[in-house]
Structures are given as C-alpha cells and as structure tokens.
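Colleague: The structure is given below, and queries will be raised subsequently.
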Amino acid sequence: MNASPLQPAQAPDGVSTTLYGGVANRRVTVRDIAKAKQQGERWSMLTAYDALTAGVFDEAGIPVLLVGDSAGNCHLGYETTVPVTMDQMVMLSAAVVRGTKRALVVGDMPFGSYQESPAQAMHNAARLMKEAGVGAVKLEGGERSARSIELLVEAGIPVMAHIGLTPQSVHALGGYPVQGRGDEAAHQLLRDAKAVQQAGAFAVVLEAVPAELAVQVTEQLAIATVGIGAGAGTDAQVLVWTDMAGMTAGRVPKFVKQYADLRSVLGDAAREFAAEVHAGTFPAPEHTFK
Ligand SMILES: Nc1nc(=O)c2c([nH]1)NC[C@@H]1CN(c3ccc(C(=O)N[C@@H](CCC(=O)O)C(=O)O)cc3)CN21
Ligand SMILES: CC(C)C(=O)C(=O)O
Ligand SMILES: [Mg+2]
C-alpha cells in the first residue's frame, strides 16, 4: 500500500517519535530538532528547489528540507554554487514553503550574501524569512561566521551552520577536498563546531570530513550534527535530492547513495511521448474532445 498524503514515514521499528509521526499537523520547529538530539533520534534532510518535489518529500515525512544553494549546479545549470543570488534563493525558497505543510524549511544563504558583515547577514536572512517564509537559514563557516550567527540568533532567526567542506570556497580550496584530515585540521573543525554552537546555531552541517572526526564532534556538541560525506555517526543525514534520486547529470560525489533512477524513468517517458507523436498514435480517441 502506498503511503497516503500527510502520512509521514515511520521509523523502521514503527515507533512514533518526535520527528517521525510525532509532528503531524504543524510544521517541524527547531525545538523538535533539539528534542530529537536529547532522545537520540536520527533524522533526515533533503534539498528541494521547487514546490512540486518539496511536496513529495513533505508527504514522505522528510522533517527538514533545505533550499540549498546547490540549486546553482543542480537546478539552474551553473558549474558551482558561487553565482547563485539572493533573489534566486528567495524565489526558490518561497516555492518550497508553498509546496509543504510539515517540513521545517531552511533557506541557504548564497555566496556574497553574508560574508561582508553581520549587518549584511541580518539583512539577507530577514529577506528569506519575510519574503520566502523559511523557518531557519543556513550559512557556511565556523569561527569566521560566528559573529553573524550570533546576531541572527539574537534577532530570533534560527541558524543552521555548515563547516568542513564549504562549497562556496571552491576556488580557494581548488576543488572539493575532504576536510579535517590531520591533527591541526581536526582541531580546527572542533573549534569551528564549538564556535557555532556557542553563537547559538541549532544544528551544524558537517560536509566531507572523516567519519571518526564527525563522531567526536557529534559527541561533544549539544546541538544536532547533520552529515554529508561524514559517515554514519552524525545525528542527521542530508543529501542533494537530485543526487539521491538519480537526476544529477554527470559525476556525483562518492558519499551519494542513489535511491532511484529518475533520469532514465523521465527520459523514457519523454522518448515514448515523442515516438507516439511521430507515429500519430498520440493523442488517442480517449484524449480527444468531440
Ligand atoms: N550534485 C551535488 N551534490 C553535492 O553534494 C554538492 C554539489 N552538487 N555541489 C556543492 C557541493 C559540492 N560537493 C562535493 C562535490 C564533490 C566532492 C568530491 O568528489 N570530493 C572528493 C574528495 C576526495 C578527497 O579529498 O579525498 C571525492 O572524490 O569524493 C565532494 C563534495 C557537495 N555539494
Ligand atoms: C549539501 C547541503 C548541505 C548544501 O549546503 C546545499 O545543498 O547547498
Ligand atoms: Mg549549500
């Protein structure tokens, strides 16, 4: 039997917990996220860039949806996330909010929208809340972003931090190398994690770091860790939806598991449509007005 709309995914053991089944008729909040950490409940996050797919994930019970700036390469056709603008993020985030009823929607702050100053971060985070209706924002950087995180949190804006591999720094990093390897880099990652927690972040993404280090960070923090390429020991996991559903064109990172092959399903549908039009077999009488 298919899950019906608004029937959230159940935990594999069928137990109704904070984020699986426990939040049925309202949006997930950052308080629910905090409770899940206390109770040791693991949770999932997917990216979404439009109302249609966001609605599918909402009905499937994904408790947190990230309008990632990965929209740049996964949705808008750019090479990287660097060219993505605030106006684009506001438009995509508003669509995801409109398409969902239960998920906490997190809006990613794009490159250049917060690095200048805490005041710039505040201005643009407020735009995502006021114009798009997101429940939280995300920005990249540990110690270097702590002052901005603090200002946003003081103003009542829930903040998800993002440390380890920060893709907006792709040109400085010379690609997407794993972060936190070696003693010095591992200590810096721990300092970054503690800095964003101290600044008031409600969760922190750990991207492309050794699994053992991600476990250390997760054990030492009171806030949730959300791993991507960080092993199985984090409190939550996030994947880019086009990667996990087999829609991404070209290479996907090693940490991706492909749960579906939508690219071939959709391509087959398009090819069949084109062939039937060419053959004159579509539309048939049942698709035709008299
Ligand atoms: N489609 C997509 N999926 C993502 O997860 C993603 C994006 N795009 N764009 C923004 C960033 C970039 N990401 C990436 C992309 C590639 C690797 C990658 O292939 N890294 C090397 C590391 C090797 C090493 O240092 O040992 C790898 O081979 O996995 C990692 C993260 C994650 N984010
Ligand atoms: C991969 C996640 C963490 C992200 O920042 C994005 O999709 O933009
Ligand atoms: Mg991002």
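Cβ atoms are placed via backbone N, Cα and C, with glycine included.
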Colleague: Figure out which of K35, K37, K138 sits with D69, S70, D108 in the 3-methyl-2-oxobutanoate site per TrEMBL.
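Modeller: Candidate listed by TrEMBL for the same site: K138.
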Colleague: What does the structure give for the C-alpha distance between E140 (Mg(2+) binding site) and D108 (3-methyl-2-oxobutanoate binding site)? Integer Å is fine.
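Modeller: Cα to Cα, E140 (Mg(2+) binding site) and D108 (3-methyl-2-oxobutanoate binding site) are separated by 9 Å.
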Colleague: Using Cα coordinates, what distance in whole Å links S70 (3-methyl-2-oxobutanoate binding site) and E207 (active site, proton acceptor)?
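Modeller: Rounded to a whole number, the Cα-Cα distance is 13 Å.
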Colleague: Name, in the order they occur in the sequence, the residues of the same chain whose CB lies under 8 A from the CB of K138 (3-methyl-2-oxobutanoate binding site) and which sit 6 or more residues away.
Modeller: L66, V106, G107, D108, M109, V159, M160, A161, H162, V205
